[in-house]
Structure formats: structure tokens, C-alpha cells
């Protein structure tokens, strides 16, 4: 048994010896108890861990990851694969890796995962079945509308049904064969750029003028997602954040008057804010009416975009009712009533006869409806009795923008926009919030779209016809 001075002498090694020992410990890897903790929590970490550049840079700064390791992790295409690769590397990176990882989790606002890793074994054994959902700091969905005016003591957490969607996958290109087989029956879409896109994203609201409107945590994720995807679709994108209602009007008016619309084939407008049915909020708490927005782009007020498709995407609530969902009843599928078409019978040839009587010199110009060639995707549903809330994840952004981004990247190459929005509806229908013990548990959302398009709207991404 070693005691007294001998023990002290053996413990106090010089600096050189200490560095050698530290190097050997690094080669040996993580302490066994920390290794077991990571292994025990690996399933939860793979689902909930957000591996972004900030977390990786923190581990690099602490000499836990090398540059090549960081690159290999970020090269993975899904969040789960990035998490898995990191978790495979950490146990081999020495005894400091565990504590550095926990510190990085705190710095990237993932305290709930840090707490999960550092809680005592006794507590761990008792709370395994609820540990994933009890911490309010988890990414959670919030409502986009005036529901914020009601006091909220808990914001619910979202269990993402598709956390590994390839939202960063490059937009898939249209093939020349597809373009040539579909361009005749669709809107012209071969200008470069395809058009101009305007994104207005209100994230932070005036605490004095709009005290009832909470910050839209995660809203900044949405506008960046939209900027990237529309840029890849060959649009010139302008992003404005945190505008008053009047600022939004001025911004839209200036956008409508851009002379470059003359040579572009389309345009896109994205409005992200709190909202009510028919309007969205400015940061000053004042409302901008959506009907005014559509009017600004109609055939009267925006002649440079006549006969060109105009896309609108509204990420906002249309009321404060939360969709709690309904249990599906087993049984045969319900049949839909066939649609009917009303014809203006007996007048098909009248226009031609009138023009022949007048002659070409007196022929008036073709008239257009005041409003046409528009399609608008809404994050939430307008019903006859209720208008529903839109859900937004504070880490990944809103459900609607997530699904729109994924669908555009994967399917714009061979799917027209109306069918893309049908796909988005289908994905939104499948999603639900996860927040046991709160009103948001199993909350639902349903998106919808309206259209006055007169042709198929294909974006023909990354294809430029040669003349």
C-alpha cells in the first residue's frame, strides 16, 4: 500500500510526464462511464440532436474534432446521419470529449440533451420513459396567430415525423426531355432569372405596439430556407425582416413596380408573420390585408406580370383555433361527388362573328379578368366556422415551409406547382405535435391552396433551352 510522501510524489508528475499521460488517455478514449451514457442515450440523441456548424465549431475549438472529422460529419445528408457519425467519433476522442460535448450542447441551446446526459443513474432509471418529452427547452411548435394573446405557461414540443427529410438536398434538375414534352401546355418558364421573389419575414414584434404578439422563434429559419430554395430555382430573392404594416405595403408596392418583371416569366411572394383570417400582422401590431396584396399584383395594377404566373406563400395563422384532430374511423373510403361544369351555352361562336363584322382594324384588344394566373399556398385552413392555427418548430422552422422546401427540391423537376402543393397538404396532414400533458399534444395542422392558374406551372429547374 502506498501512503504519505510516496503517494504525493507519485501523484505530482512533471509537465512532460503529464502530457505523455494525457496523450495516452486520449488514445485510450472516453471514460467508460461516459461512453456508456452516450450509448444508453444514442437513440434519443439521434432523433433530437441538432448537429449544426456552431456545435461542430465548438468541438473543434476544444480540440475534440479535427477539421477532416468536422467535414465528414457535415457532409452527411440527413440530421440523423450527422448525429450518428458524431456519436461514433466522440468515444474515441479522449476523456475530455464528453464534457466538451455537454458544453457544446449548452452553447447551442440544447440544454435538455445536456441534462439528459448528466442526470444521475438513479433518476435515469426512474424517468427513462418520459425523459424525451418533459423539458420545455426542446424544439417546439407554437401557433402563428392571435392565440398568442392568451397567456401561455408552456409551449409544446414537436415530435417531427420526418426529422430526416432531405431539406438540404440540391434542387433536382429538369431533364431536356421533360421540358420539351411539357413546355407547350404550360406557362412559359425559360427566362433567366425565372423571376423575382420577395420574402417578408416578421420575427420580432414591437413590445409596446404589439405586446400580445410573441417573437416568432424559428421564423428566421424559414426565410433562410426560402431564400436558398428560390435562389436554386433561379429567382432573384430579396428578403426583408421585421417590417411594420406600412413598411410591408411600401415594400410590396416597390416590388410590383420593378421594371425587370417585363423580361421575367414569373414572380413569387412569401409572407411570414402572425396573422388572422385575411390578414397578416406587421411588427407594429397593425394588419396588412391579403386582398390588398393580391390586388397589387392583379392585371390592372401590375401589367408587367399579365398572363404570367404569380406565386404566393402565406405562413401565418388564419385564426386562433387549434386543430385537435379527430380519430379516423375504419371503413370503406368515402366517395366524392363529381364536379360539374357550367357552360355559357349557345355563345361559342358569337365572338368570331362580331369580329368578322367589325374587321381587323376595329378589333378591340383581348380583355383579361381583373385577377388571374395566381396560386396561393396557405399554412393553415380556413373553414366555414373556424380558422385554424399554423404550427412552427422553434429549431427547424414552420411545418408548412419545411414541407414546401422539401417538395420543391425533390419534385419541381417533373411536377407542376399545384400538384406540389397537394403533396405538401398530404405531408402536413400526417404531422402532429408531441407534448404530453399540454393542449398541444397531438395537435394537427392542415394547409390548403387556392388557384386561378390557367395552365400547368412547371418551374423547369436548372434547365435553359438552347435556341
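Here the Cβ of each residue, glycine as well, is placed from N, Cα and C on the backbone.
Since the structure is predicted, the reported quantities are computational estimates derived from the model, not experimental observations.
Quick look at what TrEMBL lists:
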ACT_SITE  274  active site
ACT_SITE  317  active site
COMPBIAS  341-363  compositional bias 'Basic and acidic residues'
DOMAIN    30-120  domain 'CARD'
DOMAIN    364-461  domain 'Caspase family p10'
REGION    337-365  region 'Disordered'
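The Cβ neighbour count for residue 317 (active site), using a 10 Å radius over every protein chain in view, is 31. Calculated from their C-alpha atoms, the gap between residue 274 (active site) and residue 317 (active site) amounts to 6 Å. Residue counts for the domain 'CARD' (30-120) under DSSP (helix as H, G, I; strand as E, B; rest coil) come to 66 helix, 0 strand, 25 coil. Mean pLDDT across the domain 'Caspase family p10' (364-461) comes to 83 in this model.
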